[in-house]
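Student: Following this message is one structure expressed as structure tokens.
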Amino acid sequence: MMQESATETISNSSMNQNGMSTLSSQLDAGSRDGRSSGDTSSEVSTVELLHLQQQQALQAARQLLLQQQTSGLKSPKSSEKQRPLQVPVSVAMMTPQVITPQQMQQILQQQVLSPQQLQALLQQQQAVMLQQQQLQEFYKKQQEQLHLQLLQQQQQQQQQQQQQQQQQQQQQQQQQQQQQQQQQQQQQQQQHPGKQAKEQQQQQQQQQLAAQQLVFQQQLLQMQQLQQQQHLLSLQRQGLISIPPGQAALPVQSLPQAGLSPAEIQQLWKEVTGVHSMEDNGIKHGGLDLTTNNSSSTTSSTTSKASPPITHHSIVNGQSSVLNARRDSSSHEETGASHTLYGHGVCKWPGCESICEDFGQFLKHLNNEHALDDRSTAQCRVQMQVVQQLEIQLSKERERLQAMMTHLHMRPSEPKPSPKPLNLVSSVTMSKNMLETSPQSLPQTPTTPTAPVTPITQGPSVITPASVPNVGAIRRRHSDKYNIPMSSEIAPNYEFYKNADVRPPFTYATLIRQAIMESSDRQLTLNEIYSWFTRTFAYFRRNAATWKNAVRHNLSLHKCFVRVENVKGAVWTVDEVEYQKRRSQKITGSPTLVKNIPTSLGYGAALNASLQAALAESSLPLLSNPGLINNASSGLLQAVHEDLNGSLDHIDSNGNSSPGCSPQPHIHSIHVKEEPVIAEDEDCPMSLVTTANHSPELEDDREIEEEPLSEDLE
């Protein structure tokens, strides 16, 4: 019995193994078939039914294992006896439709799979189920997307077809309308052949009348504005009215410039340099001259006010024909030679300059490009403003020419001598007297704006004997004239002379003495004197060869400078007694000397034509006042005085250069004694004479004079 039961169990186990292998193979095949069938269709196949049966069997086996663990059966026999009773119930409850109780009993009785194998098998089955679910969902989504895409494509195709149909319908309608219009036009032409020509002629006549009225009104306004401008200019010249500089002088400038940008206006202003005057006639438009229709400003104003409003008709294609008809109907026919806007084959319209081969082409260009519109009217306004500005400029230039002619034909006036000449006056007093008496005096405030007046007449071009003493008086240095120490002049203006390129108002002898006196031991070598000159005055930092020669000449000429030999070499010192002695010997303005100056032989040769003109035109008596001389005139006068130093040294004793650019000297309060001139000398009045003491020896006084600057600055 035991052997038979063993053989049965072995056979059952082998059968079970074969059954499981067949089941597993069926499962694999089913899974493959399921995947392939899922690709083809979504319907439930037999393989899927096998899968469901296998799942139900596994669930039943799991429940049996749990029951065995909980019940804890003692003998396998009892378990074998109880299994046939329990399995059919559970299997019948779980899958009563698929697996029969006999099949479940066979599967459970064989006991081939262990619990671990059953769990692994369950996990594999679950993973397979998840994959199948994901694949099914993915397939469903793809089918939905494909369905949506198909629907969208169908809708787009339908819309395109509808649009094409609509376009075709519209084209057909347009073609039908064009055909109908052509048929109507043909019928009208057949019925009324002359009606269109009459309508065109009427439109042309209306447009011609409107254009003529516009041109007439514009010309009336222009003539009225020109008359108002001339009236204002005449009143302004007479001094009855004054126009502020910030206010527009002409009412035309306030007109709006419609149709032009600021860039175009600037271009028009640049291209009007060759504009002719418009005083003889107004603007000619289309060959119709309307300037003779107005006789006065009152009639023009009344006609312009009484003119009715004009309706502007649209000019489409008959513009050139209208203007040509108007030109033919006018009494005056223009030619290429007489037209102002045409010359040398070029259109002279401002800003145009189009090339036209003949006059007919020019007329076509004029009618097409420069028709009566906003742009052309704005260009006319700009041209009116240009003409008015040029007229104002012409009037100013004419007044300037008249003043120049008046000045050239006027007899030159001579400077009047002062009523009571003084022997000693200061430079400030001299300036005031000359400003009050001399007609060559300059205005006090030349920078203030004034009305245009006739220029002041200039002085004589020939030096008179009465003006020669003034030259000598001007050349005298104020520091030497009043015996003011040089240190008091240089100290306040030290920085000025050090930085400004201005000639100091002192003689070389005075400067050399000052350099020596400022040294610690009152003696300097020649190189130290040169260093003091360049260190103290910016003027001596150039032209070293000329002024150094003058310094050496003055050192050897004047007796007050003593050369001393010592261990270091030769040094120069100052003999104060000799210096003060020579300083006190000054010329006092001898009448005999003054009378002999015009008759001297060397005087005429020393003054050339340029020197005479410079002395006459630059008003030499004003040189003592630095505020009345500009930089250019001061440089010229300085050169003039440098030329005068060599020939007029006998007039005075000290000084050689114009103090025009030097700062105001610090003049101390000095008691000046006034003495009338001797009666026998009244025939030669003198505005300035210097110092009280008179020295009959001219050569002794010339010893202290410096080297002439005409030789220094060559």
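Residue numbering: from 1, along the chain as shown.
Placement of Cβ uses the backbone N, Cα and C atoms for every residue, glycine included.
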Student: So which range, 128-147, 228-247, 568-587, 648-667, gets flagged region 'Disordered' in Swiss-Prot?
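Tutor: Going through 128-147, 228-247, 568-587, 648-667 one by one, Swiss-Prot flags 648-667 as region 'Disordered'.
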Student: For the region 'CTBP1-binding' (421-425), report the average pLDDT of the model, please.
Tutor: 42
Student: Based on DSSP, tally up the residues of the DNA-binding region (503-593) by helix, strand and coil.
Tutor: 52 helix, 11 strand, 28 coil
